[in-house]
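What TrEMBL records for this protein:
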DOMAIN    1-399  domain 'Major facilitator superfamily (MFS) profile'
TRANSMEM  16-40  transmembrane segment
REGION    105-183  region 'Disordered'
COMPBIAS  109-126  compositional bias 'Low complexity'
TRANSMEM  214-235  transmembrane segment
TRANSMEM  255-275  transmembrane segment
TRANSMEM  287-306  transmembrane segment
TRANSMEM  312-333  transmembrane segment
TRANSMEM  345-369  transmembrane segment
TRANSMEM  375-396  transmembrane segment
Amino acid sequence: VDGALFLEFTPKKNQYLLTFLSIFFSFGAVATSILGYFLLPRYSCEAPVEGGCQGNGWRYMLLAMGGLEAAVVLCRIYKINHKDTQSEAFDENIETLTLRFNRPVNAGDASSSDESTSSASETSEANLSDVENPRNSNSERRSNGYRTRRQNGHGNVSTGIQHHRPPGVVGNGNGNDGDRPSRTWITFQRYRRRYKHKIEKALERLGPLFVPEFRLSTILIWIIWALVAFAYTAFNVFYPKFLQEHGQDGHQPLQLVYMDILIYSAAGVPGSVIATVMVEGRLGRRYTMAVSTFGTALATILFAVLSSRAAMTTFSAILSLLATLNYAVLYSYTPEVFPSDIRGTACGVAAAVSRLAGIITPLIVGAMLSVNTYFPLYTASIMFFVSAVCMCFLPIETKGRAAS
């Protein structure tokens, strides 16, 4: 959402600044690593303890992160006021003008319109009351039928016809004992209609993303977001455990592990700055992403192959730099591809796909770690490589193109 809003107010010559905006992701990672370096080793158990470890490091870490996040949310709500974007303001003005011109021309039209509206509302209210109070409506129909039979001299006449109950109707089905829809059935139908409407609206909003102009871009961008999220999360979740098991003599102290993680996070900060320069250069958006992602795949392989601590620290820092560069360009490229009326939907689905991949990744990585600690690295490298290939086939280059 932030990227889409930023792009709405940014002129064409300054759109590259959206790439620079991703530097705050790196700042957040560095802040988290600093907290982890000071809290986790000090209040955690290095070696197994009889009766179980009672370290509170992870509690302090979560408390610190939750407090920081709450402070940012409150600041966002009370200190930052978002105004409508230019396209939203334009749409609002169009809607206002449409309502103004569709008003009745004279009082006669207004009165007829009011009469038709009131009659329609009375009819709908009557139908709604029948649905929500079936007992009253059924009793009225039974009393009317009884009076009709008495007037015709038939008394209690049974036609011999066996009535079948529709689903959710309470009664024995002969039509004379208060057959009525159950309250559960009415509630079910109400929610079914509500969610059916929501699903139809969602599918209606997704439709413009698959017109011939944007179909290939939409599919490739969503695949790229999923693959990059899977690969990056797999490495990040796996990284501390790999450092601890493959460090000095098979067991690296927690203090050194979190120091390496801090170096890894800090190395990503220049990535956003480099990406900001490269997207306006000869490679443009697409090939800047592709080159940096190919480099990330290579750095992942070298990190897995080389076992010395210096080599692992060096190539993890290179991986962080290139992965951040790739993510910075992808973060700005996605909203630039789509026009304003479908930009929010495209970016929202891309973010949802990314989060979904990030959720399932730890489950898959956990299963891989039980087999071999190198499997997650090789899998992450393959995912980075495939996503880089997909970037090469993106049909739209947004360099020098004003956001519509």
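Glycine is treated like the rest: Cβ placed from N, Cα and C.
At the 8 Å Cβ cutoff, the transmembrane segment (345-369) and the transmembrane segment (287-306) share fewer than 3 close pairs (sequence separation 6 or more) and do not count as touching.
Ranked by the number of CB pairs under 8 Å to the transmembrane segment (312-333), the listed stretches 16-40, 214-235, 255-275, 287-306, 375-396 are led by 255-275. Using a cut-off of 8 Å between Cβ atoms, the transmembrane segment (375-396) and the transmembrane segment (214-235) share at least three residue pairs, counting only pairs 6 or more apart in sequence. For the domain 'Major facilitator superfamily (MFS) profile' (1-399), the model gives a mean pLDDT of 76.
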